[in-house]
Amino acid sequence: MGCTLSTDDKAAQERSKMIDRNLRDDGEKAAREVKLLLLGAGESGKSTIVKQMKIIHEAGYSEEECKQYKAVVYSNTIQSIIAIIRAMGRLKIDFADQARADDARQLFILAGSTEEGFMTGELAGVIQRLWKDGGVQACFSRSREYQLNDSAAYYLNDLDRISHASYVPTQQDVLRTRVKTTGIVETHFTFKDLHFKMFDVGGQRSERKKWIHCFEGVTAIIFCVALSDYDLVLAEDEEMNGMHESMKLFDSICNNKWFTDTSIILFLNKKDLFEEKIKKSLLTICFPEYAGSNTYEEAAAYVQCQFEDLNKRKDTKEIYTHFTCATDTKNVQFVFDAVTDVIIKNNLKDCGLF
């Protein structure tokens, strides 16, 4: 009776080694795959973050892809000026120059008859004259009292360029476009040897029931908050302040039993708009108990505390907060680099890969 292995035993041993090797490879592959769930109330900047991932981690938008956004740029621009003109009626604001009333009538006629993806010289002229009117500007300065696209001034101030016959949207123009996200948008990219799958979920509450099957096995949640929402009402629920709506949603996500082991990254977004607004619109609109100054630093720190205090598991769960401007590529690049390091530290060190 010798100790030599039979041919069958050797084959079995080889098979066993191969299975172990495959399992190890699969384990490494799984460890390198990062699932990110982007959550937040409507218009908090989630889709802009996704666009930035394409710009930062892929080749960005090709000229052909940029051209496809032309119709959206025009639609956003036209809808913005229409929203302001309609709000003037509700807020009882008159045109500084009464001749603009004819332009307003013309705007509605031309907007209804212009082919999608085109901006005629006549329509551009009407919009330009309206935008320069003192009454229109007065109404624009009260935009917290009605729903207006954040990019309204960006496009309207640049009407000469975007209405030009040879206009092709820039990457920044594309970043500023607003199209309501419905359903789930999945984006894949590689960064720091990790394979990211990012899921952008429709922000409006009517869409939230669609999130559920995205949750399983998610590595981290990036929760976006529009800081500038503190003095707005929400489109779907005129009774609830936008910031309170975000806090309510964050509470339900942060303390959800499914996310006990999930890293929660909080993006307090639109910091640029917040910095402008806080000079003239008091934080007490949203937080009556706030007794601090209306400086950006103090007000922003207070909002951060309000969100972080919602975490009921402070002893075991850390919230990683970043102030962001989703339309600023350098800022998003810097923040996402820090976010990736947190993901590596929290989720991947155990595998011995990093």
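A Cβ is built for glycine as well, from the same backbone N, Cα and C atoms used for every other residue.
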Looking at the candidate ranges 21-34, 35-48, 133-146, report the one that Swiss-Prot labels region 'G1 motif'.
35-48
Which listed span Swiss-Prot calls region 'G5 motif', if the choices are 102-107, 240-245, 258-263, 324-329:
324-329
Given the ranges 2-10, 56-64, 173-181, which one is assigned the annotation region 'G2 motif' in Swiss-Prot?
173-181
With pairs closer than 6 in sequence left out, are the region 'G2 motif' (173-181) and the region 'G4 motif' (265-272) joined by 3 or more CB pairs under 8 Å?
no
What is the total of other Cβ atoms whose distance to the Cβ of Thr181 (Mg(2+) binding site) is within 10 Å?
19
Can you check what DSSP calls Glu43 (GTP binding site), collapsed to helix, strand or coil?
coil
Could you say whether, by DSSP, Arg176 (GTP binding site) belongs to a helix, a strand or a coil region?
helix
Express the distance between the Cα positions of Asp200 (GTP binding site) and Ser47 (Mg(2+) binding site) as a whole number of Å.
7
One should report the C-alpha separation between Ala326 (GTP binding site) and Thr181 (Mg(2+) binding site), rounded to whole angstrom, as 16
